[in-house]
Amino acid sequence: MRVMIVDDSAVVRGMVTRWLEEAGFIIAAIAVDGGQALRKLADTSVDVCLLDIEMPVMSGLEALPKLLAAKPDLRVIMASTLTERGAEVTLRALDLGAADYIAKPSANKLGGADLYRKDLIEKVRHLGARAARPAPPQAAPRPTLAPPSSDPAGPIEAVVVASSTGGPPALRRFIAGLGADWTSPILIAQHMPPGFTRTLAQMLDPISHLTAREAQNGEPIVPGVIYVAPGDYHMTVRAAGGGGPSIHLDQGPEVNYCRPSADPLFESAARFWKGRVLGVVLTGMGRDGRDGAAVLAKVGGTIIAQDEATSVVWGMPGAVANAGLAEAVLPLDQIGPYIASRARSVA
């Protein structure tokens, strides 16, 4: 697997080169800015590019669309800072076609560099493996449908969503596909650090008539709202004093190496709404959401998984599909309309 490193810091270039070479990757090219990266890409075979956002001459955000125009199948990982501006620029980059991002460790965070190294190696390995596969056929993939595990338990009172790598752009398209009549609350566990999730909610807010916001502990869950789990917090559903659903946030142990994790969200939603909740598992690495989907399916809830062809990484949805938990395995743009149609049929 061939990697290009683009960063204006000699220290970062040297450190990342050493890490990736020790992990068995080939460093095909190294560049100090976006312009140099474009010139090197013209005569170098590259599978994955680690692209810094803030650089002189040509920034990562400026270079990204040019790199993808030159090599459409290039998998780009944006290297971002854990700041509000870093979050905004990163989400813009994901919309422009970046496959993923990695948050640079803060200097005062104990063990930050080691976690960064492990995260980087995992992302490069998964994205590089995807880039090495043959391109999917141009024809639209056919959806895989399975019979429902049980009869619909009544109207869909809520939707819970799991997403990770490639999730922000996928969430935009999924929400847009629900249509103007959708009112049931949507609860999202997207793997992102603190600060990024607030920016994600702001990005999702204008997509539809629904109000999107970062969830707050104890607030009631009401129709017409999209709740995004804050970074570094698990989000679950609990009964409020009057018996209605409310948001509970906690910093319990990571689940599937994640916080927020989809499994606690799905499991708590299954306990509260039983079969009247629908789970959606979108693109992402790992298997987060699989165990929660199993709990949800056991009480009669419905699970929809994104298909492999439209996923950046078919880890999470693949785990659900391969476990036989999904009623439907669909291309991304079919998920929203499918759910909206299903909701109308049981209303």
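Glycine residues also receive a Cβ, built from the backbone N, Cα and C atoms like all the rest.
The active site feature in Swiss-Prot is assigned to SER164 (among others); the stated evidence is sequence analysis. For SER164 (active site), the same-chain residues lying six or more positions away in sequence with a CB closer than 8 A to its CB are GLN190, HIS191, CYS258, THR283, GLY284, MET285, GLY286, ASP288, VAL313, GLY315, MET316.
Over all protein chains present, the Cβ of HIS191 (active site) has 25 other Cβ atoms lying within 10 Å. The active site annotation in Swiss-Prot covers HIS191 (among others).
Positions annotated as active site by Swiss-Prot, on the basis of sequence analysis: ASP288 (among others).
The annotation domain 'Response regulatory' is assigned in Swiss-Prot to 2-119.
Counting only same-chain residues six or more apart in sequence, the Cβ atoms lying under 8 angstroms from the Cβ of ASP52 (4-aspartylphosphate) belong to VAL6, ASP7, ASP8, SER9, VAL12, GLY60, MET78, ALA79. Per Swiss-Prot, the feature 4-aspartylphosphate maps to ASP52; the stated evidence is sequence analysis.
Residues or ranges marked as region 'Disordered' by Swiss-Prot: 131-153.
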Tally every other Cβ atom lying within 10 Å of the Cβ atom of ASP288 (active site).
29
So what's the average pLDDT for the domain 'Response regulatory' (2-119)?
92
Could you give me three numbers for the domain 'Response regulatory' (2-119), the DSSP helix, strand and coil residue counts?
53 helix, 26 strand, 39 coil
